[in-house]
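Student: One structure follows; several queries about it will come next.
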Amino acid sequence: MARTKKANDEVATDSDSLKLKVAKQAAKLVKDEMVVGLGSGSTANLFIQELGKRVVEEELYIYGVPTSFDSRMMASNSGIPLISLDQCGEIDIAIDGADEVCKKTLSLIKGGGGCHTMEKIVDYHAKEFVVLADEGKLVESLGDKTAVPLEVIPFAYSTVLNKLLDMNTAPAIRSGSGKMGPVITDNGNMIIDVFINIEDAEETETMLNNIPGVLENGIFSKCDKVLVGTSKKVEILKK
């Protein structure tokens with residue numbers, strides 16, 4: 001039986017409430033004088049808003065390092081002072097969302113918004129990398145439901161596609177919404193989405209990045225902990 005619009009709205013509302021619950025918890029992790037990596041996406045945006053409330057209400061003294069144009073605008077509108085990656089010596093904590101999280105390994109797939117290259121640079125540079133997710137994002141095996149995005153230099157898109165086809169995958173260039181043609185990232189590149197067997201996240205992450213023309217892929221094998229929003233509480237998963 002087809003799901004009704006009311007049922008779809010209820011599922012979306014439940015997911016949104018879980019995201020807000022975990023965003024509020026994550027904002028409490030930030031301490032005075034920290035440099036904070038600000039992730040991108042719907043859950044990260046909620047975190048940025050909650051963190052902005054603390055900056056305004058508690059006069060929390062921090063700097064944020066945005067990972068996309070979207071997170072930069074959200075942080076600015078929320079009252080969070082910003083600093084660029086080359087201006088800060090180190091990042092104390094990076095807090096970001098995920099499209100899919102493996103429960104056993106805490107490896108992730110990110111990049112549904114096409115920001116994974118800048119996210120990975122900031123997240124991996126941080127002393128602590130914390131991921132926010134609702135329980136619907138948890139999976140037993142990474143990549144079963146979510147394609148891995150590859151940010152690809154336009155000059156090399158055809159050779160990257162051919163290489164992925166040689167690997168018996170089914171790659172697809174991500175199309176834009178509201179415009180004709182492909183999605184173009186903040187870095188001026190294209191996105192190729194590919195479903196691929198991921199037995200070892202770190203090995204697959206490295207292998208995809210070794211394809212000439214691939215700038216970065218959406219597998220994140222390094223994560224310190226995941227805050228999971230459930231109907232009862234926020235669970236903390238650690239390696």
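Using N, Cα and C of the backbone, Cβ positions are placed for all residues, glycine too.
Annotations per Swiss-Prot:
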- GLU119: active site, proton acceptor (ACT_SITE)
- SER40, GLY41, SER42, THR43, ASP96, GLY97, ALA98, ASP99, LYS110, GLY111, GLY112, GLY113, LYS137: substrate binding site (BINDING)
Student: Determine the most Cβ-crowded residue among the binding-site residues SER40, SER42, using a 10 Å radius around each Cβ and all protein chains in the structure.
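Tutor: Buried the deepest by this measure is SER40.
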Student: Please find, for SER40, GLY41, SER42, THR43, ASP96, GLY97, ALA98, ASP99, LYS110, GLY111, GLY112, GLY113, LYS137 as listed binding substrate, the greatest distance between any two Cα atoms, in Å.
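Tutor: Taking every pair of listed residues, the largest Cα separation comes to 16 Å.
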Student: These are the binding-site residues: LYS110, LYS137. Which one scores highest on other Cβ atoms within 10 Å?
Tutor: LYS110
Student: Cα of SER40 (substrate binding site) to Cα of the residue listed as 'active site, proton acceptor': how many Å, rounded?
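Tutor: Cα to Cα, SER40 (substrate binding site) and the residue listed as 'active site, proton acceptor' are separated by 7 Å.
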Student: Pop the Cα-Cα gap between the residue listed as 'active site, proton acceptor' and SER42 (substrate binding site) into the table, whole Å please.
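Tutor: SER42 (substrate binding site) to the residue listed as 'active site, proton acceptor', Cα-Cα distance: 14 Å.
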Student: Spatially, which candidate from the binding-site residues ASP96, ALA98, GLY112, LYS137 is nearest to GLU119 (active site, proton acceptor), comparing Cα atoms?
Tutor: ASP96
Student: How many other Cβ atoms sit within 10 Å of the Cβ of GLY112 (substrate binding site)?
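Tutor: I get 21 for this one.
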Student: ASP96, GLU119: which of these recorded positions has the highest Cβ count within 10 Å of its own Cβ?
Tutor: ASP96
Student: What does DSSP call ASP96 (substrate binding site) in the simple three-state scheme?
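Tutor: Assignment for ASP96 (substrate binding site) reads strand.
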Student: Applying the rule Cβ within 8 Å of the centroid of the Cβ atoms of SER40, GLY41, SER42, THR43, ASP96, GLY97, ALA98, ASP99, LYS110, GLY111, GLY112, GLY113, LYS137, what extra residues of the same chain belong around the substrate site?
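Tutor: Here the nearby residues are GLY39, ALA44.
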Student: Once the chains shown are all counted, how many other Cβ atoms turn up within 10 Å of the Cβ of ALA98 (substrate binding site)?
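Tutor: Summing over all protein chains shown, ALA98 (substrate binding site) has 28 other Cβ atoms within 10 Å.
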